[in-house]
Amino acid sequence: MTVVLLTSITVGLQPLFLSNMTTPALLPLSGRRIPTLSPGASSFPHHRATLRLSEKFILLLILSAFITLCFGAFFFLPDNSKHKRFDLGLEDVLIPHIDSPKEGKHASGQVVIHGQGGHDENRHREEEESLRDKIRADHERALQEAKEKLRKSREELQAEIQTEKTKVVEDLKKKDPGPKPLPPPPEPDVKEKRDKIREMMKHAWDSYRQYGWGHNELKPIAKKGHSTNIFGNSQLGASIVDALDTLFIMGLQDEFKDGQEWIEQNLDFSANAEVSVFEVNIRFIGGLLAAYYLSGQEVFKMKAVALAEKLIPAFNTPTGIPWAMVNLKTGVGRNWGWASAGSSILAEFGTLHMEFVHLTYLTGNPVYYQKVMHIRKLLAKMDRPNGLYPNYLNPRTGRWGQHHTSVGGLGDSFYEYLLKAWLMSDKTDVEARKAYDDAIEAIERHLIRKSNGGLTFIGEWKNGHLERKMGHLACFAGGMLALGADGSPDDKAGHYLQLGTGEGPLILKLGPEAFKFDSGLEAVAVRQNEKYYILRPEVIETYWYMWRFTHDPKYRQWGWEAAQAIDRFCRVSGGFSGVKDVYSSNPTYDDVQQSFFLAETLKYLYLLFSNDDLLPLETWVFNTEAHPLPVLHLGNITLPGSEPSQR
């Protein structure tokens, strides 16, 4: 029915478009010459006073025809001027007029008027012919569609109608998506959970203060001081320095002041002690710099610079790649005996950049910056098997050691510092960002896999083969991938954020030191020396980053479960201890309260249940020991390898 009506209307319009008639010249009666008659004399020889009936009828018929003709001419026949005006209007409606670049003027400056001149008349005829062709085509198409509709069955027509309805509904949804879902309501017990974490920190600190004050760490079962070979035989108060910024962030001001007084009076780096360059840098220099930036106390900056001077001799190697250890008094360096043929370790010499750049920024001494930039330039020139960085590099020869690549121990924080060097530079250190992106691309290609159970894990590359094992240290990678998602090449931000979430794979709850995804095993530790948990923070670190980026409540839920597990299984009267077997319902303690438990684990838990404006990621970048260092807005100062900020 609709097709027929449209066809009738279309056909009915054709005479109107094609009409080109002109109005005939009709004169009024007063303009005609009629001979006058004398009232008294006859003008004809046989004059009659009246007309016959037949003559009257003929005269009336002629008069009626004349009136009808006049009426039709007046109301129905357009004159030439009216036709021209209508034609001009039709052109303006159906054929849009496009002004010339000079507002419709010729070079002479005269305005061009549509519908005038012979050229325009020819153009009008062409346009009318085009319109006629279009009308005919529309007519034929409408008839053809009608015929096709008639050939279809009732079921087919109903299916088409339903399809059209569905399409209309989908279009409406696209235009009006409706109200956005409301954000989840705030958790009513967030403050209580945060206060609980604060209480755990106070218990750990008070226990150390009572039983291990001045020692590097605490033995909470034996209730005495503890130290390891990474600090040599010196008592440097590692737990004090590592915990300072956590105390400050949690508002434990009395405890913070106690730590500050000990550092002012007792922290001395002149001892004849061989220390780990890497560990002392991230815990001591990172901790002291963070305490300085948060509190403004100059003593922390002075101590950080004094310690950095003690580390500089470690760079005195043929390649400039630093030794793993250095004697604070003599400056003599060496590497770990177990490292591949006397090699330095990627995660150690590659995790100095953040702290050393800040030292140059605070002191104006370029030597710190030059040392770490030399390492970067050396690595950039070296070939990398499959695009991967091996974990070992010989500082004498400048050659790779064993071809072993991991994102866990021995490699982890190297990749972290590539990304954070870019973030800390206010995103101007494009060399660091490029190196990070290239490394992550190779890692995703060769190391990231899915288990048979659908879990995503990061394996280790050894001599051309993938070992399907992941260490607890590698669990930080979920947070790193999410942190680096913004700025990823080829619009991969969403991909890396999703990869960081892992939906449970990259982020496990509290678990063993290492776990396998092989021979039917799903994240299970096999060896006894892989089943321990030593209060590590990496899982919780990722929970915090993912909470900041997604505000998905599951990350707070998982973090709270981790906090409860630590408080239940690791808490003792003298502090917190690691456990030797996470699969045991009654685990044995290792009797060590690690300094990083106060610096990282409890800090990340506290931040997880705090507002985003506490140490916002736009302003602060956390070193690998969770010490926050501010983003450096260098303004007009451009360091080598950087670009001026575009902000």
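The first residue you see is number 1, and the count goes up from there.
Cβ atoms are placed via backbone N, Cα and C, with glycine included.
Feature list (source: TrEMBL):
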| type | residues | note |
| --- | --- | --- |
| ACT_SITE | Glu279 | active site, proton donor |
| ACT_SITE | Asp412 | active site |
| ACT_SITE | Glu513 | active site, proton donor |
| ACT_SITE | Glu538 | active site |
| BINDING | Thr624 | Ca(2+) binding site |
| COMPBIAS | 117-178 | compositional bias 'Basic and acidic residues' |
| REGION | 101-193 | region 'Disordered' |
| TRANSMEM | 57-77 | transmembrane segment |
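There are 21 other CB atoms within 10 A of the CB of Glu279 (active site, proton donor), with all protein chains counted. The number of other Cβ atoms within 10 Å of the Cβ belonging to Glu538 (active site), over all protein chains shown, comes to 23.
Of all the recorded positions in the list Asp412, Glu513, Glu538, Thr624, the shortest Cα-Cα distance to Glu279 (active site, proton donor) is found for Thr624. Take the CB of Asp412 (active site) and look out to 10 A: across all protein chains shown you find 25 other CB atoms. Between the alpha carbons (Cα) of Thr624 (Ca(2+) binding site) and Asp412 (active site) lies a span of roughly 9 Å. Within the same chain, residues at least 6 positions away in sequence whose Cβ sits under 8 Å from that of Glu513 (active site, proton donor) are Gly471, His472, Ala525, Asn529, Glu530, Lys531, Tyr532, Tyr533, Ile534, Arg536.
When the Cα atoms are compared, Glu538 (active site) and Asp412 (active site) turn out to be 11 Å apart. A sphere of 10 angstroms centred on the C-beta of the residue listed as 'Ca(2+) binding site' encloses 24 other C-beta atoms.
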